[in-house]
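Feature list (source: Swiss-Prot):
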DOMAIN    1-141  domain 'Globin'
MOD_RES   3  phosphoserine
MOD_RES   8  phosphothreonine
MOD_RES   11  N6-succinyllysine
MOD_RES   16  N6-succinyllysine
MOD_RES   35  phosphoserine
MOD_RES   40  N6-succinyllysine
MOD_RES   49  phosphoserine
BINDING   58  O2 binding site
BINDING   87  heme b binding site
MOD_RES   102  phosphoserine
MOD_RES   108  phosphothreonine
MOD_RES   124  phosphoserine
MOD_RES   134  phosphothreonine
MOD_RES   138  phosphoserine
C-alpha cells in the first residue's frame, strides 16, 4: 500500500519523466530483453533490434499504462483491470516478467534522472511498480 508520501513522490517523479515516458519505456524493454533473454519469447512476432519501431510502440504502451496508473493510485485494480485480463488470459505472460520489467524500468529512470531519483523516490517508485505488477498478475488466480 502506498503511503501519502509515496503517492506524492510517484506523482512528482512521473511528472518529471514527462514527454520521455515512451522513450524510457522502450529503453526499459530493450534492457529487459538484454538482461533476461527468455522474455523475448513473448515478442517473437516483433523486431527486437535496438531502436525498432515495434519496441518503441510497445514502450509507449507501457508508458501509457503507467501514466494511467499514476493517475489512479487509489484504484490501481480498477485502472488496470483490462490490462490484467489481457496479460493473464490472452497473452499468458509469466508473472515473473513483470518484476523483470519493473526492475529494468527503475534502472532506466535512475540512469536518466539521477538527481531526481533519490532514495525516497526510489523506494516509492519500487512500491508503485510492485503494486502495478501485483494488479497485473491478480487475474492469474
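Using N, Cα and C of the backbone, Cβ positions are placed for all residues, glycine too.
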Residue 108 (phosphothreonine) as reference: those modified residues from 3, 8, 35, 40, 49, 138 with C-alpha within 10 Å of it: none
Which same-chain residues, if any, lie at least 6 apart from residue 40 (N6-succinyllysine) yet have Cβ under 8 Å of it: 33, 48
Rounded Cα-Cα span from residue 87 (heme b binding site) to residue 124 (phosphoserine), Å: 25
Lowest local Cβ density among 35, 102, 124, 134, 138, which the record lists as modified residues, within 10 Å: 35
Residue 102 (phosphoserine) and residue 8 (phosphothreonine), distance between Cα atoms, whole Å: 19
C-alpha spacing of residue 35 (phosphoserine) relative to residue 3 (phosphoserine), in angstrom: 31
Cβ neighbour count (within 10 Å, all chains shown) around the residue listed as 'heme b binding site': 21
3, 49, 108 as modified residues, winner by CB count within 10 A: 108
Separation of alpha carbons, residue 138 (phosphoserine) and residue 102 (phosphoserine) (Å): 16
From modified residues 16, 35, 134, the one whose Cα lies nearest residue 58 (O2 binding site): 35
All-chain count of other Cβ atoms within 10 Å of residue 16 (N6-succinyllysine): 14
C-beta crowding around residue 58 (O2 binding site), within 10 angstroms: 18
